[in-house]
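Right, one structure below, let's go through it.
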Amino acid sequence: MAEVKSDIEIARAAKKKQIQEIGQKIGIPTEHLLPYGHDKAKISAEFIKSVKGNKDGKLILVTAINPTPAGEGKTTTTVGLGDGLNRIGKKAIVCIREASLGPNFGVKGGAAGGGYAQVVPMEDMNLHFTGDFHAITTAHNLLSALIDNHIYWGNELGIDTRRVVWRRVMDMNDRALREMICSLGGVANGFPREGGFDITVASEVMAILCLSTDLKDLEKRLGDIIVAYRRDKSPVYARDLKADGAMAVLLKDAMQPNLVQTLENNPAFVHGGPFANIAHGCNSVVATTTALKLADYVVTEAGFGADLGAEKFFDIKCRKAGLKPAAAVIVATVRAMKMNGGVKKEDLGKENIEAVKKGCANLGRHIENIRQFGVPAVVAINHFYSDTDAEIQAMKDYVASMGEEAVLCKHWAKGSAGIEELANKVVALAESGASQFAPLYPDAMPLFEKINTIVQRIYRGSEAIADKSVRDQLHAWEQAGYGNLPVCMAKTQYSFSTDPNLRGAPTGHTVPVREVRLSAGAGFVVIICGEVMTMPGLPKAPSSEKIFLNEAGQIEGLF
């Protein structure tokens, strides 16, 4: 077997083109690219406005089975498929999310594809990139500062300090900041109250940026944020604090999508980064809709498995933005099938056909779930060197028994040459007109019924359970006019249940709803289930321990 290069070695050896050249490939004039160095740029708002009349290309969603520690390669497949479509003569753009610093220094490592299916410049994308996350964090925390400042200077709006619901954020995993008391230290520092931090990717400002259609829409949504309640339970909005204008100013440049390139010099839009387990998990609407005006095909991903990312992509992003996906790709691996079939991580390299067959139940559930949205799907088997022909065939046979097709993909090792078959299959599906996309539930359905619909139809649980205070809160929001909003489920990504260790395709479980949060600006209700946290912690040995600068000043250990 040939020597296997690391992702970073491959990325550093990339022959990148000037970003203006990449823009020209999809019709973006140089004057409408705002460069950040030679290999990344923002696309001007004027250009985005100018292409609104163009015909839309076809939208392809890449999703996956429930993630395992073995790794599925969803971003890698998204990037590979974009390259593959360009290889077979289609004009394609990849749309993915920006990486969060917290997980990069925690457990995940870099997020820009892998092998010969990567987006570059990888190091920049995994660190500060073009400053979007900084802008989002700053806008969010400006609002936090304005709340406490308003209370300090007399509290004219009558904010009940026990009912401030706007928490602070930072782009780092730090469990010590989850719950805290702020404004300690005497009269000069304000009125002490309970508060806390979430990670930036869970911020409502992040969700708003990713769902806004333009700057005007952005400012309106920012004004709609509910920051606190008065003693009579009436809401206090960000616009009551006159925060929306200044927040929009901080986010003006961050609203513009970022253009970068794949290893094969094809265009990629990287913009926004909400997590899919604690937020809606999709890149920005502006990036996706702009890409659709410039390409025949737009390949995008939604975070984690189809039970989380794809459900939110369909029920939140597509519903809000009027998008109609033409086809879906479900990424799965032999290794993950074995893990779902009960094999331990250290034994995944050994052939075990029975475990593959047993673990396929998880894949089957995701295939059924995508069908519920009326979108035709194909399974991409992301190839690992340890996979045997018999194991691959067992997966293909299972998918065929479900009435779908599985295609073996070797883009990690071969780039676009290893994914041509999938590219052709996706084109055939998209061009067939078979997609009859519809969200899972109507707008008018009561909020708790929406939760139960997802629990029963997607997770195959028996019901959602919630105490009276949660149900009363949902009812109060319905009475206040928020009943038409979609729900955004926050739960573990590792299982259809709320137990991360319950793999495979469980049925009949209950899903406990711990807390609900109204994101009035983003336009959804967050449903926090089980033990999921909106501020993650670092593991015992965080990946930051292995990250350093070598003697040449290059970054080591980030990927």
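Any Cβ shown, glycine's included, is placed from N, Cα and C.
Taken verbatim from Swiss-Prot:
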type	residues	note
BINDING	Thr68, Pro69, Ala70, Gly71, Glu72, Gly73, Lys74, Thr75	ATP binding site
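Gly73 (ATP binding site): 27 other CB atoms within 10 A of its CB, across all protein chains. The 10 Å shell around the Cβ of Lys74 (ATP binding site) contains 28 further Cβ atoms across the protein chains shown. Neighbour counts were taken as the number of other C-beta atoms within 10 angstroms of each residue's C-beta; across the binding-site residues Thr68, Thr75, the minimum falls on Thr68. Cβ packing within 10 Å was compared across the binding-site residues Pro69, Gly71, and the lowest neighbour count falls to Pro69. The number of other Cβ atoms within 10 Å of the Cβ belonging to Glu72 (ATP binding site), over all protein chains shown, comes to 23.
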